[in-house]
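As structure tokens, the structure follows; a few thoughts come after it.
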Amino acid sequence: MADPIRWARYRWQRLISTEGGEGSSSSNSSNKCYQSSKTLGKHRIVIPCLGHFKEEYEKVSKLYMNNKIRTTKYTLLNFLPRNLFEQFHRVANLYFLFLVVLNWIPLVEAFQKEITMLPLIAVLTIIAVKDGLEDYSKYKMDKQINNLLTKVYSRKEKKYIDECWKNVNVGDFIRLSRNEIIPADMVLLYSSDLDGICYIDTAGLDGETNLKQRQVVRGYSEQVSEIDPEKFSSRIECESPNNDLSRFRGFVEHSNKDRVGLSKENLLLRGCTVRNTEAVVGIVVYAGHETKAMLNNSGPHYKRSKLERKVNTDILWCVLLLILMCLTGAIGHGVWLNRYSEIPFFNIPEPDGKSIPPALAGFNMFWTMIILLQVLIPISLYVSIEIVKLGQIYLIQNDIDFYHEKTDSTIQCRALNIAEDLGQIQYIFSDKTGTLTENKMVFRRCSIAGQEYCHEENGKILNLCSQRGSGGLHEVCVTIHSHGRYGAGDAPRSGHVAFSSPIETDVVPDTQLLEKFSQISSHSYQQSEEGSSESSLETMYVADFFLALAICNTVVVSVPNQPRQKVRRPYFWLSVRRLSSSPAPSVKESSPESPNSFVSKLSIFRMKLASPELDMVNVAAGCEDSSAASSIELSPLSKLCYEAESPDEAALVHAARAYKCILQSRTPDQVTVDFAGLGSLTFQLLHILPFDSVRKRMSVVVRHPVSGKVVVYTKGADSVMMDLLRTASEEMEQKKIKERTQKHLDDYARRGLRTLCMAKKVMSDAEYAEWLNHHFLAETSIDNREELLLESAIKLETQLTLLGATGIEDRLQEGVPDTIQALRKAGIKIWMLTGDKRETAVNIAYACKLLEPDDRIFTLKSQSRDACALVMSKILEGIQKNTSAEKKPSQKLGNVSASPSTQAPGFSAGLVIDGRTLEHVLHDSLQNMFLELTEKCRAVICCQATPLQKSVLVRLVRSKLKAMTLAIGDGANDVSMIQVADTGVGISGQEGMQAVMASDFAISQFRHLRKLLLVHGHWCNTRLTNMVLYFFYKNVAYVNLLFWYQFFCGFSGTSMTDYWILILFNLLFTSVPPIIYGVLDKDVSAEILLQLPQLYMMSQKSVAYLPSAFWITLLDAFYQSLVCFFVPYFTYYGSDIDIFSFGNPINTAALFIILFHLLIECKSVTWIHAAVVAGSILLYFVFALAFGATCKTHSPPPNPYWVMEKHMMDPVFYLVCLLTTCVALLPRYLLRVLQGTLCPSPVLRAKHLDRLTPGEQREAVKRWRDDCAVNCRAEFQAASGSPRSPTGAVPGEESVASVPPTSKTPFQARSGTGLAEDAASLADAQDEPGDTNGLNSETAASLNPSKETNLEASGGDATCAAAPARPSGEDSAAAARAHGAGVNPALPEEDAFVYFTKLEC
């Protein structure tokens, strides 16, 4: 192990030997690097398993796992004990085990010992067989994976040999070929690709189908031949095994103590597949269960449904009822014995002649009664619930309406135990991009140097192309011609390729911009670099803008359907092979005083030489030539594949392509762009600083082939980019550009477009050398590496020059507005959680009808916690003023019933809040006030929210309001909130499968959520709740028959029915009908449920399973058991029949009552229901006849022999069964008839609609909706204390400030999937710098049918529609209104909330 002090001193002296003046400035970074190397105990040391490392390898390798995996839970030896141990973790199984043991005690024995064991053994056996089959399938899969073959280097044979995966160890060298699966996590040391690139497919790991690039470790990619493991003398130090797929930290330490940093770009993960690369070699660092893939495989996640928790509570009530009945039996038995103590017949003495005291006999009888009445606790209920859930999931997965033809996908039910929760959702938390929208990014507008280019022609053809196909792979193929125009017809169509539909790839250039672009030439560009005239600056801005679009991304360029073409620069061979003799400046030849020397020296570790003279070689994708002077042309029909990680990047690259700025190739060290007018430009790629949620931007550092300077191109959100621009007073031109660009960005956001800013920075070699020094130390650090890299990126991305901005349209998915309207009518509150700007989010909300034109919108924006509390309190006061005096005051948070509609009838409000303000409202002191405010709003929009804030919001609503939550998203940033919610839904969109893999249900379109909740959610919840209530009824009714008999047998624990029939009654004769009932019952048809979303509230509020329903069911069970027992009792009163002859008609009548009760409760009786009920009755009689005919001496003294046969020939038996059944079920039947006639529930009314003809049904549904609308208006009029003002302002002086509209531009959703392009202009009424008022009131749009104010972006005019100017004097009016609202004028922060208003129709 290397001495960290020696390494730090050696590296530092080597790096800054010629830059003594810069040593002190970097001492802190060196210190951090030294500190990180001290914590070696936390890291893993990987040593190759070769001869010269033999002793050290044997010591270290014992600490690490091999590559054999075992995902099974059991072995042949431990299956039985472990499975039983796990099953007895369930309280119900322990309870019945206790009863079995109790029945073996002679003093309290109630049944034959074998009979008592039968139900428990049956349940345990069924579950054990199921677990065993599941585990065996895992065993076969493990065996298949462990025995896969791979090439492993053998130190004995000195060559690569075939070895099973299970025999691979840490430190082994692995050689893989194309399309082979990676057996373990390995560091990439060699690739047959000349650029040191390996392409991998991670679909087996995270579901993403686009190819990822991985790079050979720096210093190894220059090898001409394959790496020789025998000559590998380095060791690897990396972090300990963890499950973070997006991070890998470590370094390779060579024998000379040099270190090269490692990142995730150098790591090949187990389970991925090598693509487009002939051969790769790597060394294993993590194997088996220590690989990242296995550490992420936590198995299926288990969530308990709300119904399951209710069932557990009601079972406790049944336990209390059982204890009460057993106490009654014990006391009764003691009293009986005490009264007849002198009669030996009732008090049999013990063998020693002594009698048991009545009190002790009563105590023993308590336990006997526990055994006798055990059926009161339904052991079969849990098994039946699991079977019913499987049936429900099967029906959901086979619903053809969930099939999406374009993606060839249907719904996936990944959680099998929470289907009924779909019927009780109260809050939906939805992502925006890719969830509500298609995630098909269409380039619409751009602004360059403050000049906007509208691309009107492109807007016109979007509607024509919107119906064409899209697909599933993150890859888009385009045809590039070496001469001529790039037309829309050149792109090959593919129905299975993402980002490939015409609306995404066919960008029609703006005429004005294309004219300026065509004027760019090599001569004009060089003049623009040197000159400062207005025309030359515009040329530079336009060129750099499109260069930023083309290269500031991670798009991979390859050729489809064949291996990736090697794109090599001839100077690269010089830089690798001829360092000592090349005319290019080498490290040793450079002057020690030159900054270029230092840059070149550090660049060797990245295989990048500072040789701009050689960067000008023209090379085309797919071609290679040994001549440095040759220029190779593209063939006329050569195809390039753009493989983008996100549709945003694909859209920008295609926009640049439309202007003949074509990204041709990308390697780890260079990017080639074919720029019309400048030729083929090859940029030396120095660094890529990827996007992250903290910086909200990404950057690339390149050496420009024309100027030879180091240039940083940055793109990101305007909320952060505008603060990074140059602020020098002499930059007046930049200041004007910034102001004009900001106006364009605001206009884009109001139109619902996604916005990005483009900027650049030119660095001197000295500045770059200083930054590179810090960055290199951050790259080679293991501890705190992310923090150091973040700090390094922030240092680089300053003093930027703004180039322009882009507006990209993300079109709404089909059916989103209708789905949201239906869900809101169903009583579900919907929150939109997005990372986009406020204006974009609000516009999308209006387009998808999450917000209505007459909604009052409050925008909460604060810089401090106190100001946020003040603004929220004022909003609450204003809302309270608007509520009716008749309406009950809002409940405090602790008493919230989680009803999603606590706002006043007719009052509709929405809340918009940004990510910075969320930090304040999520503080413990403001959570209650925030939730109280959100309860009064029917829609909440959280913009610029981070993934962590999304999950915190979901957890807050779930825990504080005790509400049922559903989170839906499509990307990796939605995973946390999907996992936190009660129900997580993933959309299998264009951002991979991370959200799907973390979800409980996966759908392909947002509109499928409508049927999933309103139909299947309603059905699943209603079916399961009714089945659970029926189980409680069935068991209580049957057990009470035994209880009533105890009053006539001295509470002796005797049964009037044979024990076999008693046990099998619940286990066999009456078990299948309720399961069929729970799977197939249908109270309302799917068509009616979709047309009347209000019916969802019945299951949402658990109307079928209220506590009152549970107790009414038990009372009915008591009544029916009384009738079932006493009608036969009085019929045979005074006769001489035996016990079993008395019990048989009771048992038979109970069977008819219980089964016919189920038919009364069924909402849709099919032939399957009838067949199962008839089969159960037939099975009972067949068993009773066979049992009575064969068991002659069974269970003496009473004998079941020939009992059923005798009764079958007795007419009284049939009369008793008929009379008992009718009397017992008459109240239940009359109740259902009266309910359906006098006061039908909404469900019963809706069920009646199914019987009408289609025409009558449409009319009835229309009347139903009209009645609902009339009732809502009546409630609102009754609730309104005073009429609203024309602008919708809250009356009263102390109400929240109401801002009159200053612009009249309607929010209109485009037909079909189009987004609302005709958007409203939100004129900001911001305070002047001199104002002391921190409350900014912003104006809102009001609906105006006039066509004169429409902003038709789709075309017509050649000029762009400008954003309306802010009226003069508005700032002072806003300040006065804020002061009137009672806001402290001394607040220094910029705290604002917007009160949107609209003229009432």
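In case you wondered, yes, glycine gets a Cβ from its N, Cα and C as well.
What TrEMBL records for this protein:
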{"type": "BINDING", "residues": "ASP431, LYS432, THR433, GLU649, PHE691, LYS715, ARG754, THR834, GLY835, ASP836, LYS950, ASN973, ASP974", "note": "ATP binding site"}
{"type": "COMPBIAS", "residues": "892-901", "note": "compositional bias 'Polar residues'"}
{"type": "COMPBIAS", "residues": "1300-1311", "note": "compositional bias 'Polar residues'"}
{"type": "COMPBIAS", "residues": "1333-1352", "note": "compositional bias 'Polar residues'"}
{"type": "DOMAIN", "residues": "55-116", "note": "domain 'P-type ATPase N-terminal'"}
{"type": "REGION", "residues": "882-901", "note": "region 'Disordered'"}
{"type": "REGION", "residues": "1279-1377", "note": "region 'Disordered'"}
{"type": "TRANSMEM", "residues": "91-109", "note": "transmembrane segment"}
{"type": "TRANSMEM", "residues": "115-133", "note": "transmembrane segment"}
{"type": "TRANSMEM", "residues": "315-336", "note": "transmembrane segment"}
{"type": "TRANSMEM", "residues": "356-383", "note": "transmembrane segment"}
{"type": "TRANSMEM", "residues": "1027-1047", "note": "transmembrane segment"}
{"type": "TRANSMEM", "residues": "1059-1080", "note": "transmembrane segment"}
{"type": "TRANSMEM", "residues": "1104-1127", "note": "transmembrane segment"}
{"type": "TRANSMEM", "residues": "1139-1160", "note": "transmembrane segment"}
{"type": "TRANSMEM", "residues": "1166-1191", "note": "transmembrane segment"}
{"type": "TRANSMEM", "residues": "1212-1231", "note": "transmembrane segment"}
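Of all the binding-site residues listed here (ARG754, LYS950), it is ARG754 whose C-beta has the fewest other C-beta atoms within 10 angstroms. Remark: the transmembrane segment (1059-1080) contacts the transmembrane segment (1139-1160), by the rule of 3 or more CB pairs under 8 A.
Around the Cβ of ASP974 (ATP binding site), 31 further Cβ atoms fall within 10 Å across all displayed protein chains. The number of other CB atoms found within 10 A of the CB of PHE691 (ATP binding site), across every protein chain shown, is 19. Ranking 315-336, 1166-1191, 1212-1231 by CB pairs under 8 A with the transmembrane segment (1104-1127) puts 1212-1231 at the top. Cβ neighbour count for THR433 (ATP binding site) (all protein chains, 10 Å cutoff from its Cβ): 27. Binding-site extent for ATP: residues ASP431, LYS432, THR433, GLU649, PHE691, LYS715, ARG754, THR834, GLY835, ASP836, LYS950, ASN973, ASP974, maximum pairwise Cα distance 24 Å (rounded to the nearest whole number).
Sequence-distant contacts of ASP431 (ATP binding site), defined by Cβ-Cβ distance under 8 angstroms and a gap of at least six in the same chain, are MET832, LEU833, THR834, LYS950, ILE968, GLY969, ASP970, GLY971, ASN973, ASP974. Here the transmembrane segment (1212-1231) has Cβ contacts under 8 Å with residues 1116, 1119-1120, 1123-1124, 1127-1128, 1131, 1144-1145, 1148-1149, 1152-1153, 1156-1157, 1160 of the same chain, all six or more residues outside its ends. Looking only at the domain 'P-type ATPase N-terminal' (55-116), the predicted model's pLDDT averages out at 81. For GLY835 (ATP binding site), applying a Cβ distance below 8 Å and a minimum sequence separation of six or more within one chain yields THR433, SER693, GLY915, CYS943, GLN944, ALA945, THR946, ASN973. Each residue in the domain 'P-type ATPase N-terminal' (55-116) gets a DSSP state, and the totals come to 36 helix, 0 strand, 26 coil.
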